[in-house]
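**Student:** Here it is, the structure in full.
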Amino acid sequence: MKNIFLHSLTLENYRNFKNLELKTDNTPIILIGENGSGKTNILEAISLFYPGRGLRSAKLADICKASEDQCLVKALLQSKLGLAEFTTQFKRSSNRRITEYNESKIANNELSKFTSMVWLTPQMEGIFTSGSSDRRKFLDRIVYNFDSKHAELVSKYEYYMYERNKILAEDIRDDNWLKIIEEKMADMSSHIANNRLKTLEFMQQAIDELENEFPKADLSIDGIVEQKILDGKENIVNFITAELYQTRSKDKLLGRTSFGVHKSDFLVKHQKKNILAKFCSTGEQKAILIAIILAEMNYAIKLTKIAPILLLDEVFVHLDDKRRGYLIEFFTGLNMQLWVTATDLEGIENFANKAQLIKLPIIL
C-alpha cells in the first residue's frame, strides 16, 4: 500500500498565520488549540492540494491574511508519484491562484493525479439538508479518490457548459460551434455519470461489508443521465446531445443549462429506517456522514492500494465513548496520516499517545 502524506507544510500570510512551518511524518497528528488559534485554517491549507477550493470552498480573497495582497502554501509531500514539492499561491489584486508541482505549473483539477484526500468538517453535517449542488460536489470528491481523471472531466464539462450558455445568451449564430460544444458535453457527461455510478457501487458494497458503530446507508443518485444508463439506454451520448439541442430555446430564456449531469442529486437513506438522511435527526445525520467516510476510506485503500490523507475537524465532539473509541481504533489501524483538531485531549488521551501533538497559541 502506498501512503500519501506530508513531510512539511509552510504557510505565508495565510489566514491568521504570518509564517508557520510544520514538520510531520506518516502518523496521526493532533492540532490542539483554543477556538481562533487557526486549527481549521491548517486543515484548509492542506486541502488545497486536492481539486477544488478546499474544505471551506472559500473565495480567494478570503484566504490571504488581512492587509496582505498575496499568500502561499507550500508542502513537501509523499505523492502517488513519489516525493514532490507542491505550492499554491494566491494574489488578491488579480484574484488568481497558481499551483505548482516541482516548480512546474499545473491545473487545479490535475492535483488528483498526485494526491488523495478525504475530509470531514462540522460544516458538512448539514449536507443532507442543503442544496443538491453540495451533495453532488461531495460525491464527485469521493469519485476523485477512485478515478484521478474525474476532476478534469468535471472541470472541462463546466467550462463547455459556460461556453454554451454564453453563446446562447449573446445570440451568436454559430450552430456549428454550438453543435461541437454540445457533443463534447455529451461525451463528458457519459463518462462523469458512469464514474459516479461505478463509485456508488463500490461505496455501497463497502458500507454493507463494514461492520461498525454507525448506521448503514443506502446510496443512490437522482439524475436523468445516470438513470438512463442504469436502464440500459443505448447510444447515451446521442441521447444527451439531442436533449441539449432541444433545450436551446428554453436555456436561452433561462440563462443556464437546464439538462445534464450538473443537475443530478446524491441521495442517502438511513438503511434501517428506510428514510432519507435529510429527515433524520442531526445526530443521525452526523453518524451517517461518518459511516460514508469510513466506507470511502476502507474501499479506496482496498481498491486503489493508496492510503489518502484524512482531515478531521472537531469530529470527536459530541460522540459517545463507544463511537469515539471505534473511530480511533479504525483510523490508527489504517497506518496513515491523519490530521485531527481538538480544543483539548479529553476523551482522546489514548489516541494522543500514538500521535504527534502540535499546540497552537491564539494569534491576535
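Cβ atoms are placed via backbone N, Cα and C, with glycine included.
Below are the features listed in Swiss-Prot for this protein:
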type: BINDING; residues: Gly33, Glu34, Asn35, Gly36, Ser37, Gly38, Lys39, Thr40; note: ATP binding site
**Student:** Minimum Cβ neighbour count within 10 Å among the binding-site residues Asn35, Ser37: which residue?
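**Tutor:** Comparing Cβ neighbour counts within 10 Å for the binding-site residues Asn35, Ser37 gives Asn35.
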**Student:** Within 10 Å of the Cβ of Glu34 (ATP binding site), how many other Cβ atoms can you find? Include all protein chains, please.
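**Tutor:** Excluding its own Cβ, the number within 10 Å is 11.
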**Student:** Count, for each of the binding-site residues Gly33, Gly36, Gly38, the other C-beta atoms lying within 10 angstroms of its own C-beta, and report the residue with the smallest count.
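**Tutor:** Comparing Cβ neighbour counts within 10 Å for the binding-site residues Gly33, Gly36, Gly38 gives Gly36.
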**Student:** At a 10 Å cut-off from the C-beta of Thr40 (ATP binding site), count the other C-beta atoms across all protein chains.
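**Tutor:** Summing over all protein chains shown, Thr40 (ATP binding site) has 21 other Cβ atoms within 10 Å.
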